[in-house]
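Following: one structure in structure tokens, then a few remarks.
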Amino acid sequence: MANNNSYQGGDHRQQHVPYDNVPPTQYLGNSGGYAQQHNQHENDPYGEGVYDDYDRPESFDVSYYTRDGDYNDNNIYMAGSGHGGANNHAGDAPSLLSPDGPMPQGPMMGDLPPRRRRHGKNRDSDIDSVSDGGYSVRSSLVRTPASHASNDIDIFGAYRANTANGMAAEDGRYASYAPSTESLIHMLENKKTYRPTGSVTSFSRSASWVSNGNEGLLEFQNADAFISTDVPYPAWSDPNQIPLSKEEIEDIFRDLTVKLGFQQDNMRNMYDAMMTMLDSRASRMSPTMALLMLHADYIGGDHANYRRWFFSAQLDHDTPPVREHIDPKQQHELLGEEGGDSRKDTPAAFVEKWRAQMNSMSQYERARQVALWMLIWGEAGNLRYTSELLCFIFKVAEDYIKSPTAQQRVEPAPEGEYLCNVVCPLYNFLRDEGYEVVNGKYLKRERDHAKTVGYDDVNELFWTPEGLRTIKFEDKSLLMDVAPHERWSRLKDVNWKKTFRKTYKERRTMWHFMTNFSRIWVMHITVYWYYIIYVANFIYDPFFELHDVQSTVGKTKGTLPVLPNQDAKRYTLMAAGGALAPFICVVGVIAEMFFVPVNKHNQRALWLRLLLFVVILAADIAPSFWIWGNGDDPHYDWSKVNYDAVYQSTVPSQLTNPDASKVSLWKAAHAVAIVQFVYSVLFTIFLALMPPSLLFKPRKKNRNSRSLINRTFAGNFPPLKIAARSISLSLWGAVLLSKYVESYFFLALSFKDPFRWLYQFHQDSSKCSERFLGSKLCANQNYITLAFMLLLDLALFFLDTYLWYVVWNTVFSVARSFYLGISIWTPWRNVFSRMPKRIYAKILATADMEVKYKPKVLCSQIWNAVVISMYREHLLSVDHVQKLLYQQVTSDEDGKRTLKPPAFFVSQDDAAFSEEFYPSHSEAERRISFFAQSLSSVLPEPVPVENMPTFTVFTPHYSEKILMSLREIIRESDQYTRVTVLEYLKALHADEWDNFVKDTKILAEENSSNFGQASAYGQALAQDVQDADKAETKVKTDDLPFYTIGFKSAAPEFTLRTRIWASLRSQTLYRTISGFMNYAKGIKLLYRVENPEMVHLFGGNGSERLEQELERMARRKFKFVVAMQRYLKFNKDEREASDFLLRTYPDLQIAYLEEVPSTEEGGLPRIYSCLIDGHSEIGPDGRRKPYYRIQLPGNPILGDGKSDNQNHSIIFTRGEYLQLIDANQDNYLEECIKIRNILGEFEEYNPPTVSPYSPAAEPQPTPVAIVGAREFIFSENVGILGDVAAGKEATFGTLTQRIMAEIGARLHYGHPDFVNFIFMTTRGGISKAQKGLHLNEDIYAGMNSFTRGGRIKHTEYFQCGKGRDLGFCSTLNFITKIGTGMGEQMLSREYYWLGTQLPLDRFLTFYYAHPGFHINNIMIMMSVQLFMICIMFIAAMNITVVTCQGDVDMTNPNYAQSLTPAGCFLIKPLGDWINRTTLAILLVLLIAFLPLFLQMLTEQGFARAISRLGKQFLSLSPLYEVQVTTVYFNSLMTNMAYGGARYIGTGRGFATSRLSFSTLFSRFSDSSIYFGIRLMTLLTFFSAAYWKWPVLYFWISIAAMLITPFLYNPHQFVMTDFILDYRDWLRWLGAGNSSPNTNSWISHCRLTRIRITGYKRKRLGERTPTTGFISRAHKANIFFTEILLPIFMALIMLVSYTFMHSISNVSSADNGEINSTLIRILIISVAPIVVNLAVTIAFFFVSIGLGPCCSMCMPQFGKVIAGIVHTIAVVIYIGVFVLLWILEDWQLTPTIMGIICQIFVQRAIFAILQHLMLSREFGEDETNVAWWTGRWYGKGMGGWAFTLTMREWLCKVIECSVFAADVFTGHLILFFLSLFTLVPWIDKWHSAMLFWMRPSRQIRPPIYSLKQRKQRRRSAILYGVLFVIMLVVFIALIVAPQVAKPSFKLPSQLLNYLNGIF
């Protein structure tokens, strides 16, 4: 059986029994096969004996393995080597994971498929190491002082790694497909540019001035004596220092595996992980301290999550080992009843006991606890997201392990027992909450988050002792009532479904805003009330004008008369506004009750808080009722005051004998009003400052777990230092001060005049009326207008704060850049001259170096390596390299050879120095400049390479491009592309392509020389001079293929080079991996440079032994894991590309999922997590054998993909830190050599000197969880969209995060952050993964770390490359993903915790940096819509009421007396208000450009900043910003209403393809086009009724919503393509009605509707294949935004329309019969719907009668019928438009207003129909096709056929109106765009705008055949004529009535009906 189970190629796929929903003992295979498996010798990795029987020096690490054949007699790493022992007590355990026994073993610790090493001279060796086994690996030999001269150092040593044939091995980005290093060094030494001679390879290194001799060096004849055997974990090898041997630790793992039933591969994987961690730590501290600190971080330290959980869950009450250290008296107190003395029940009462227990542990016990945690974590699968659940499992397992039951157990636990008994039941519960399994496939349940128990809900159950008491069995008995040592075996019996419950309900509602951000509303709404009431003194003081010293009413100018004192009314009215603050808090608390779980303790806290707010509210508002009645000054006669007058013409008379009682009441009212106002202000400040959750929180010292929020895990925020807190307070002090001062003058005080005239204007009710509404509406129109203007002013009040936040945040960030020394305005240019010294002082670990080399000698090697790496990447030419390198020259003084630094360092300080060292504005310039600039900032001191921690770069990959294929780069992607990728890249990177071609020609020369072929140039030298000229011409001709496609020969080494060159300039995984593999190069470089004696010890640069030692160190310190979940499902190209990656970078590790189908029909497959690398053995089936193959509890992808992909692979990462990288990033050698500095940011380089458990131990600092780094967006040069996206990313990733990290508000945004591995993995991982809710998975890890006490830092000196989206659709897809993800974040518990607990300054920083940005976008779009409503009302008043004539001087306080005619309405203040409001909204949108400008200004100078901003404005980027804001708004609001957030693959290719009009129209119609066309109609009405020049800005902005998608479409304005686009759009409108067609208007319309209705889920139990599952929108979620809001908007438009006709109704009344314009417009709006009802049902009978027979001879019958009906619908709307024009007597403005009403009324009707009356969508598109074709049979409708007919009828009525609207909208956009096609050379200018390429360098037009040209010309002429006809008709409908003014009249009876006179 053992032989059958051995891992033989592909035979490992066994037939497994499904285990889902089956008792473990039934589906776990032959669990009783224990006795039968003693003979499994060949498959046994351990054997039964102890480690003395191994016949090998040490146990094995997976990172160090050999190839077959490398060792013959002593192959200690091979399976079966040594004595092994056949009676392995670990291997004896029967397996629960496969029917036939144990799983096939992967390689590790004895049973290892050997790692593939290089054969021959360059193979890896297990000797030649200078490691001495101590915790500091630097030996005294290596660090011995010496006195070597500079000429002893080979400054090109890093590039002299020899292979067997003498050629230099290349580990760069072109692998072995690059010219030899000897060619490069030859050119550099001779200082010549490339001229192909064919003799490059004959160069001998012995002839070089770079000497490898050992003159003057120490004698190393006995060097072998100093070389110790290479061991897997060098720092854990000295038996005199290590507390436990590797064998003892391995025994611990084996013992735990045997007792608890872990998988063997999990054990081997976690053993290697733990040993790597110990080796990493022991390299910089003693091994004993390394184990102590590891245990402290995982289990017992002050900041260990397990320790925090242990005390939070109060398990110390249940733990005898802790209590035994407490005297019996204390035990009695601690275990007494709840009513007893609880003063001892405090954390302090147990901390010392805990420390004593931890301190008394043996090293064995510590290692066992760490091993147990890692084994539980390593096999937990999706449970890794639930950190406290793992703590609980660990505690249960620990209790069992220490019990006599476990110690006495003889029979080993079956392998997989832990997985099947513990993990699988919990996984199945989590899976079943989100999915149901149908026919072996996962189908998403139709549940929103509020009804789904997710990871966080499961985890929070284990936070408290009350939660643990709810864990119950089927019989309702409790797990916690079971004895601790028995709980492990009872876990499998727990009924988890009855145990878990929702702990926070993520209801899809905007009431979260009120709960989480109540303080924002308090700070704005209340203060705005104070301002407005203070300014609007005319409300309570009719003599307000007379208080002005400039007034001349009743007094002399310049004096003040004695006037009534109305301060009491002023103060009480202002104070009444203070009641808004507690009212907002009341609303927030009521909403909170719907989110938190309903239990006694939660409700008590909430009701107490609610009661407090109600009391504050009542106390605030109650005095106003009494004060208002007694607030008038009793010293004056108020009987003669005319309160309705616009102004008071006389000063009121004083009373000689006022009533004393009234005077006393008035004085009392005055005093009470002042007290009330002070009370109001104080409580407003209190409610703004006080976090809501801190009210009525338990303040007892005992550990009360019953508070609303568990502060241990949800409110343990890291404290800020005094300096950081001062910056935070200063920032928000400046923001709020600026905001409140500016808002008072600009928004409040300037609003006084509009407020006054709308408040005091009174329309004569006798002159306006409506038949059914009377005069109430028109008489109060001014108040309606005022209400909307106040709302808009309030929205601008909110926007003002964000504006000032951006300004001051930028100012503080720029100031900090000066402080850090990274600004160009600091002494910046001398960073180049100081760079060598800074490299020595900051990059090299010089503090530990004793070797007496000059800094220049060491720096030269670093600098030269950096320069040559740029040359290798073709960023520099040979000429540039020669100018930049250190050179060895002969000294003029003593003739010795010395190092000459490049003139580059000093030339930057000399303005007269004009030599070019790199191409201007090139990538090389940017990288060198940033490298020099970054070294001017403060960097943590590096440690030696041997002492640096091990880290892993971790990259998830799904379907991103791995390597560009040749077909992709030299052929157009589709028919709409005018350029190949290669041509486009050549145009973007012309200099780099030129360098690449020269490099390729060198390679070609080398190849030709190797084959004995002479080059063309070499042949020319053999001829005479005249023939040489011809040869030169021939060379240029022959070189043409090189410059065209990069190669002349189709040999793989040349084609692959071109592919690599293109891939390195695209967003590919190869670029990412090759970039981050520079870490290995950097580590080797630093190790080589800092250990010059080691170089000579191993034979000098280029020696095989040296390269092996460098490789060993790089592998030890750096790992790279790519999580390729689809690896086994790759297509051919992806497989070839991934294999190329593994061949190029053998140390690259790939984690993937392997799926083994179930043997039962409908059963779930088994899923394994596997790991391979380039050394993996390749089986007979061609697949690489994995090192580890760990079974998972089920499909790990339960979320949105990325986080689950990371989670299943994270167990294969190694070391103390991870760098999280996306698959579209890049890194550079000069950044990689800073790795030790950035890892120093975690503040763990200086270990403690005493045990963390010792009483003498100092308090541990707050741990650093995340260290962020800058990003450079390398796609910024790819046109305007790439630059804008890059600018946004740069400002947020650098400028914003710089200050956010300083004041403690930075979170985690994924790439390229470094994370503390232990901190993150013990707290839920590096992301969260609940489907939909955690779409933006990275930020949740940041919030999780922040709420659990982890610090998050940001660095300025380290940067990685990052690609961004490049096309219009892809950028907006990314924005949609961010917007929908933010909608989900708004619902999350993390926002609840942060919003209700943070102190004000930190809360404001969090709010405005995260949700505030998106709420600001909502405010912007809301303010635009409110502005349109306001100006619509203002325009209606302007053309309806009598306005004042003449120019009015508003600065004269008496201007109201001179207005004419009497009773007129003053429109001027409203016009001024429109101007100011337009400016305010403009500033809010333009402020987005300020951070980028200042960022560029500080880092690159004024010229670059102006140039970049100028190019963006010339490219119309403000229009793009309008579209971005619209998409943000739409995606957020849509998600809040409908949900459905999902990952959107944005696609990051080059946007060179022209998209069709129909594609762009369907993509952006819902998000911006429909919204824009509605606003456009309102703006048209205003412009026709009351024109103001500033509104021109809104014309541009709203036009941007309509045309921006087409404006940024490549080649949009090519005339022929434009006309053909119109043809395709017309076809798109009519497609999909005879047969289903996804690319059709009806499909687009249907998908829009499905978002509301959802699918019929149970139709044959199938998923809908084309769109996936879409759930039905919940009516409660959509009621406000999707139903109530459209109705409200329709009512607003009806109010405006009826007001416009209210006066004319009275003046034109016939016999007293007043018209009803309301009835008229309702008839006009409903009439098309009624007609469509009749037409659609009529043609339904036509289709059902004729369709079945006509379809046989006319396949397009359905299309024809649909076309006729849709055409009729369009004609109907044209007819209704003409009818409306006739009714309005051909007047333009009321006609436009009527159209507006029709649009909004129909929108409201359709919203009601769609949301409330439509049932779910059926299938794909069967009902639509059946309606038009009449073929209802054979569609699988069954009994639904009748109801589906009725439903489809309703759909068709709606579709007819939507079709007509789309036809009108599409034609309007096309008519406007057609104007641009008439501009000469428009395509060149347009392409220059998009791609930033000069017209002379733009790509050729497409080449068509003669036949294609004829067809295109014919179609263009035909549809061009049609387009012109439609344009003429459109213009005629608008212009003809205005010009002709026909006298056509409707019949009087019909007219009466339309006017509501029946």
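Just so you know, the numbers here start at 1 and follow the chain as drawn.
Backbone N, Cα and C atoms are what each Cβ position is placed from, and that goes for glycine too.
Computed from a predicted structure; not experimentally measured.
Database features, via TrEMBL:
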REGION    1-57  region 'Disordered'
COMPBIAS  23-38  compositional bias 'Polar residues'
REGION    86-136  region 'Disordered'
DOMAIN    364-476  domain '1,3-beta-glucan synthase component FKS1-like'
TRANSMEM  571-595  transmembrane segment
TRANSMEM  607-628  transmembrane segment
TRANSMEM  671-696  transmembrane segment
TRANSMEM  1418-1441  transmembrane segment
TRANSMEM  1479-1498  transmembrane segment
TRANSMEM  1568-1586  transmembrane segment
TRANSMEM  1592-1608  transmembrane segment
TRANSMEM  1678-1699  transmembrane segment
TRANSMEM  1719-1748  transmembrane segment
TRANSMEM  1760-1782  transmembrane segment
TRANSMEM  1856-1882  transmembrane segment
TRANSMEM  1916-1936  transmembrane segment
Worksheet item: Does the transmembrane segment (1592-1608) reach the transmembrane segment (1856-1882) with at least 3 CB pairs under 8 A, where each pair is 6 or more residues apart?
Response: yes
Item to complete: Take the domain '1,3-beta-glucan synthase component FKS1-like' (364-476) and count its residues per DSSP category (helix H/G/I, strand E/B, coil), listing them in that order.
Response: 73 helix, 11 strand, 29 coil
Worksheet item: Looking only at residues six or more beyond either end of the transmembrane segment (1856-1882), which have a C-beta under 8 A from one in the stretch?
Response: 1557, 1561, 1565, 1569-1570, 1573, 1599, 1602-1603, 1606, 1612-1615, 1618, 1622, 1625, 1629, 1641, 1645, 1728-1729, 1732, 1735-1736, 1765-1766, 1769-1770, 1772-1773, 1799, 1802, 1806, 1895, 1923, 1926-1927, 1930
Worksheet item: Okay, the transmembrane segment (607-628) and the transmembrane segment (671-696): do they have at least three CB pairs under 8 Å, pairs separated by 6 or more?
Response: yes
Practice prompt. Would you kindly list the residues that approach the transmembrane segment (607-628) from elsewhere in its chain, counting only those six or more residues past its ends and only Cβ-Cβ distances under 8 Å?
Written response: 568-569, 572-573, 575-576, 578-579, 581-583, 585-586, 589-590, 669, 672-673, 676, 679-680, 683, 687, 692, 695-696
Response to the item:
Long-range CB partners for the transmembrane segment (1418-1441) (under 8 A, at least six residues beyond its ends), listed in sequence order, are 763, 781-782, 784-785, 788-789, 791-792, 795-796, 798-799, 802, 1465, 1467, 1470, 1474, 1477-1478, 1481, 1484-1485, 1525-1526, 1529, 1532-1533, 1575, 1578-1579, 1581-1582, 1584-1586, 1591, 1594, 1597, 1692, 1696, 1699-1700, 1702-1703, 1789, 1793, 1796
